[in-house]
Amino acid sequence: MFSLNGTSFTNNSLSGVSRCLTQSSRRVSAPMVVVAAVSSNGKPGDGSVSVLVENALTESATPVEMEVKSTVTGGVQDVYGEDSATEDQSITPWTLSVASGFSLLRNPHYNKGLAFSERERDTHYLCGLLPPVVISHDLQVKKMMNSIRKYDVPLQRYMAMMDLQEMNERLFYKLLIDNVEELLPIVYTPTVGEACQKYGSIFRRPQGLFISLKEKGKIHEVLKNWPEKKIQVIVVTDGERILGLGDLGCQGMGIPVGKLSLYTALGGIRPSACLPVTIDVGTNNENLLNDEFYIGLRQRRATGQEYAELLDEFMYAVKQNYGEKVLIQFEDFANHNAFDLLAKYGTSHLVFNDDIQGTASVVLAGLMAALNLVGGSLSEHTFLFLGAGEAGTGIAELIALEMSKQTGIPLEETRKKIWMVDSKGLIVKSRMEMLQHFKRPWAHDHEPVQELVNAVKSIKPTVLIGSSGAGRTFTKEVVQAMATFNEKPIIFALSNPTSQSECTAEEAYSWSEGRAIFASGSPFAPVEYNGKVYASGQANNAYIFPGFGLGLIISGAIRVHDDMLLVASEALAEQVSQENFEKGLIYPPFSNIRKISAHIAAKVAAKAYELGLATRLPQPKDLVAYAESCMYSPAYRSYR
């Protein structure tokens, strides 16, 4: 994993490692492998040699010699000792667990399957446990893709990928990285939504930590049950609002697992540094409560003080276990909790809400890119949202912030360019007393309007954004109305999964006579209309959060600031090429996502340094190159 001292990063993922804590500086050359000798009877001796711990500096293509010492001179005091704790330390030999033979083949962190060489098989007691053929990593990828493509049902492909992750971690990530455009919809939206709905039925092995009300009062101890001790990113959900599917309770675990897979594959965060967590406080989903296969607490969802106390205990146990700079990403919390949690812990923890902030950043990037096709600046456009929940209001606020930054106009004024429609119609000032607090900034002077199509005709927006979670709400009449007063109407149907999308790509292009600039939350196939092929963009949060998280980690950021989200949007928009624009795309292809993530990470880290929120000092000269050098590689290691 990455170190918290700004210079080196080590992986101590194998259990049983005993380290002697020292404060002295030492020089480390990479790559380096720490080994211990064991005899055939398992005792210290001159027998075979087994790899125990890999120095993560081997992830870098070029060995780099560097000084290992704490350089934190500003930002946050190292209260938890996390910077010194991850420095390279001397190892007490013979206290290490050695994975060999049968156990090695069942350790997903070190298993290579048929890619073990003949020498490795001899050394690690694998002879006879594998067929005699030795194949390459690339051939393994080809074989697995051939197998996965034979499944016609996306959920079957999802289950095959999860089985692979539990069997051979590096093969899983190489497969995902090399085939990201094909496999992203499998491990993430939309298939992960169906997986969560059926999680109890398909549950095989636990992934991540399940913390329920039963663990109240002992969460600190529960966190210690997780085998990895140097955690840098936690994705946590309480399962109350999974995508657009509602309350799935404990079965929402598929979301943190999927998100963290992307943190590694797309953002280069080491798998051992990632922790998926589900907070189980019950569910109000009657179907699940009556489902014999449901794996969570069979009770109505806890609220109020009981809920708040559990979350509070969790947040401070995380900091106590993993330190000040662990990134905690809130995922799929309901509106009434999402905003409050972000506000409550934003000043005391490094927290990020992907539904509010990640969605906002990726949509803003798409809008910035779309201006190259429609012209004008953000402040010259008018925005209408269908859906005023955490996603909609989060996007609106970031757009208003960017307009204020570009023009110098106060935020209160730029908000007036943005209108919202919720379940009761257009949000206007006459409704102010009945509005939730996060909707009130978007209540403007206007007569009440009930129907979306009438709001479109009245407001005449240039941009229509759907974040309602309600499928097929951008009707033919709505899209045609947008096309009557816009030469190129910008239409974003963001709700996930595909069944909940406000309209399909085909509907947007055909109803606008091929003039719409369209993006969606879930992927749609290219559309042919009047002899022209339109490749729609996907406003996928996976463009933002992996690189955003990497930027926070490499800078040692202690808090998330809105300006970091703005520069992340700008960085993504910069990656859209003229060739992409000519195809009608306002997002770059996912095939370049790791380079895109490194670019975003560099901009986010630079902003952290500029704001005085970085603690890994001094700042590297080339942050893009530094970010790329820090990224996890799934390449196999040779075991001696």
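One is the number of the first residue shown, and numbering goes on along the chain from there.
Glycine is no exception: its Cβ is also placed from the backbone N, Cα and C atoms.
Note that TrEMBL annotation is computational and uncurated.
Quick look at what TrEMBL annotates:
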ACT_SITE  Tyr188  active site, proton donor
ACT_SITE  Lys259  active site, proton acceptor
BINDING   Arg241, Asn496, Asn540  (S)-malate binding site
BINDING   Glu331, Asp332, Asp355  divalent metal cation binding site
DOMAIN    165-346  domain 'Malic enzyme N-terminal'
DOMAIN    356-609  domain 'Malic enzyme NAD-binding'
Candidate binding-site residues Arg241, Asp355, Asn496, pick with smallest Cα gap to Lys259 (active site, proton acceptor): Asp355
Candidate with sparsest Cβ neighbourhood (10 Å radius) among Glu331, Asp332, Asp355, the listed binding-site residues: Asp355
Distance from Asp332 (divalent metal cation binding site) back to Asn540 ((S)-malate binding site), taken between C-alpha atoms, in Å: 15
For (S)-malate: widest Cα to Cα gap among Arg241, Asn496, Asn540 in Å: 18
Cα proximity to Arg241 ((S)-malate binding site), best match among recorded positions Tyr188, Glu331, Asp332, Asp355: Asp332
Position of peak Cβ density within 10 Å, selected from the recorded positions Arg241, Lys259: Lys259
Segment-level pLDDT (mean, integer) for the domain 'Malic enzyme NAD-binding' (356-609): 95
Cα within 10 Å of the residue listed as 'active site, proton donor' - qualifying binding-site residues among Glu331, Asp332, Asp355, Asn496: none
Those residues of the chain, 6+ apart, with a Cβ under 8 Å from that of Asn496 ((S)-malate binding site): Thr189, Pro190, Gly193, Leu243, Gly244, Gly521, Ser522
Other CB atoms, at most 10 A from the CB of Asn540 ((S)-malate binding site): 26
Cβ-centroid neighbourhood (8 Å) of the divalent metal cation site, Glu331, Asp332, Asp355 excluded: Thr237, Arg241, Ile242, Ile255, Phe330, Phe333, Ala338, Asn353, Asp354
Tyr188 (active site, proton donor): tally of other CB atoms within 10 A of its CB: 26
